[in-house]
Amino acid sequence: MNTSTTTKSKNKPPKSTPSTFIKIIEFWFYLIQILTVLFSWRVYFLFIDSKKKIENNNNNDNDNNNTNKNDEKRYLTFKEKVQHNFFCLFTDTLYFMMLIITCTLFFWRLKDTLSLLKKSDSSKYKQIIWDQFSGGFVEFGSFTVLLLLKWPVIFKVFWNKGTEKEDKSTWSQIFMREFSQEVDKNKLGGPKPPTTNTTNFSGNGSSSSTTNATSSSSSQANNKRAMSDDEWRHAFRRDLQNIGFEFDSQTGDVSKFPPTEVMEQYQKSAEFRDLILASGSLKAGSEQQDKNKNNNNNNNNNGPKIEEYDNQKQEEEENEEKETNKQQTQKDDEKETSTTTTSSNKKSKKGKKNKRN
């Protein structure tokens, strides 16, 4: 019995214990952590009783017990507080650098940033700084790209400041508007050459060909002036997003409206006027295309009837000419008879006078 117990004890693996070297490293790292936190503004949080939720991974059948256990909170130990505040110092320094960059490089956002920081709670400081920093970075990048590639746009914006034509859009909105127009132009491409549609009709042994070059060229001219329905909607939605409208991704309805001043300014802008003119030309072009399509369909469906209609028209014209000729001859005959009667009456009167004399 004693031998079996001794063999079992020998076969058991020894417990893994950390080496002294690792313990020394952990001690010095903890010492650095506590010293940095003590000499930072985070020392205040070391003496606050902060709670932390306990993560419960046990699977119990009773749901009420699970919810109660998941909602339980415990106080952090002093060591956990030191570690938590030490790692929070890194994020604090990053956000502090973002704040300095926002206030110096993106100085036009300084007023909004400070006002938001004063009004908001301290728990929202990092989110506010990140939003202002990312927004300022986008604005600065858009301005730089426009300055390098499309400097006349920037000159126009500064030139119209303080006037009725002032563009109140942000630099990112102007950037999206300018470069999205170029993308749309590249997608549209150049105009297509006019095509001639010849249709042969076989009726009564004769054939006729009709060319639709003029109709196709006129419809292409209208298409060149106007944009398609989808392009017009895309341009209008893009302009609304640029001035501050927000749309729901699922339903497509408007979820946020801009201020009334911005909407009034947009209604007075040249872009809104161009869109309205484009919608008018779009309707005219679509109506012209529908008419041309209907004419082509009628010609294709009623080919043999065209010749019959032409023949009937010619017969009617010939009959009208015959009737007019008959009427003209009757009028001429009446004139001749009237002239002969008048001349005979004059002769009879002269004969009577001569007899009297």
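Heads up, the Cβ atoms here are built off N, Cα and C, so glycines get one too.
According to Swiss-Prot, the protein has these features:
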| type | residues | note |
| --- | --- | --- |
| COILED | 305-337 | coiled coil |
| COMPBIAS | 195-223 | compositional bias 'Low complexity' |
| COMPBIAS | 305-314 | compositional bias 'Basic and acidic residues' |
| COMPBIAS | 322-337 | compositional bias 'Basic and acidic residues' |
| COMPBIAS | 346-357 | compositional bias 'Basic residues' |
| REGION | 184-229 | region 'Disordered' |
| REGION | 283-357 | region 'Disordered' |
| TRANSMEM | 21-41 | transmembrane segment |
| TRANSMEM | 86-106 | transmembrane segment |
| TRANSMEM | 135-155 | transmembrane segment |
Overall pLDDT for the coiled coil (305-337), taken as the rounded mean: 71
Residue numbers, six or more beyond the limits of the transmembrane segment (21-41), whose CB comes under 8 Å of its CB atoms: 79, 82-83, 85-86, 89
